[in-house]
């Protein structure tokens, strides 16, 4: 820090301070020269640091304020608590809460709100709940919103929902907290339901809630709802900033409309790395590996530095397009020097992508070697990816070893048991296959059911494999029998490998006919005009039989079927799929 050649006031010194290190030097100078600050000036500087990217400096300054016995007032603590919120500092929040009570400031609404926010931001939701229950006479809308947000952040979705329903007066922030909280927790259907109720309540829709709603549309593949939000943005004259632009690009890409995603991208000014990454990832899930690399090069040419998510997107593109050499080259550049001079150490997600690339290409031992060289312990997701590749490429012995390992690592994941049982079945080890399934049932582990959603006339319909609870279940079953007859005329034979071992062949055929994407397709054929495209979104990887069926249906009924499964898009047209049967 520079030497001062003229007398400076304490306020001037602190206003010129840029870091906590400089703050400590200034404090030493103040003690040496006898400079003193009154309470107002201390609060001013604490507020400054609480709102900066160095909130810890506010806490350091407060400690020095105490050392000098400077009086504190009602304006001191909200700024300190904001710093605690930004730092997720639970212990500091607890200590400051105690001082607020000791000094007699705890009976004020703004103090209650600040303490609640600090607790819920630092994982102390139980402390927040206790304070909330004790201070019912101080509750205002901000207090309710803070507590609901805290429940959402700690994953107590049911309690947040209950509190929201009890809330006497809701404002736009109340609704936004619920929509964004549901999205972050993976409750996308619930998020859109609340969003629709928010509109019915005539609440103002700002960019934050619209971004969250678009994210829900992305996850569900709810293109109609996403389009409505886009139209609302245009009608209201709202500026499409970087955040909204990125959300729109992501929504259109993940809902299967890359053309519209590109249109939005070109209109967004000051494109951030997130917008570029959304385009690259869109290409990746559509199997457009070359296009993804083209976007990556354009981004670099514009001087935009790729982040770790960007590299994950480009490696995913390589995996879905079978671009092994390109993936190897990109991965080496991340490990050694960063890409073209930009340092970025590979994350476990990057290693997972590379294992997937190598496994899909049949380079199983090379994938094993990469896993052994990982600087961090490989997780069950990485081994699980390789397990699938072992099944695809027929390396059953390696698959059995990996299958046992992933079950040990993740004993509550039903899919791991199913994969291992299928590998035993492929090796004609029927007893071991049955034993694996028995262990799964004995442990109370269930397989995640296949679930598909489809949007028809603006309404999202959800179908679960084997579910007969849909209001139109009989009509769906009837039309599926008609579809099955047409499929057989085209030479279709059900692919029943990998199904439950204790079923007869006809029972296996019935089981696969009730896969969720088939139910969704039958529903679409009932409710849409001939020639209309069908868009389906599934939570699991599409099975071999459903993939073959969708190709035939696209040809027989002259329908384009766009299906997004857990990892990528499949566009079925004229009996062919855009993935070229590589998935």
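All residue numbers here begin at 1 and follow the chain in the order shown.
Note that Cβ sites are derived from N, Cα and C of the backbone, with glycine treated the same way.
What TrEMBL says about a protein is an automatic prediction, not a curated fact.
Copied over from TrEMBL:
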- 38-72: repeat 'PPR' (REPEAT)
- 140-174: repeat 'PPR' (REPEAT)
- 272-306: repeat 'PPR' (REPEAT)
- 307-341: repeat 'PPR' (REPEAT)
- 491-583: domain 'DYW' (DOMAIN)
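Sorting each residue of the repeat 'PPR' (272-306) by its DSSP state yields 26 helix, 0 strand, 9 coil. When averaged over the repeat 'PPR' (272-306), pLDDT in the model lands at 94. Residue counts for the repeat 'PPR' (307-341) by DSSP state, with H, G and I taken as helix and E and B as strand, are 27 helix, 1 strand, 7 coil. The DSSP breakdown of the domain 'DYW' (491-583) into helical (H, G, I), extended (E, B) and coil residues amounts to 34 helix, 16 strand, 43 coil. Across the repeat 'PPR' (38-72), DSSP helix (H, G, I), strand (E, B) and coil residues number 24 helix, 0 strand, 11 coil.
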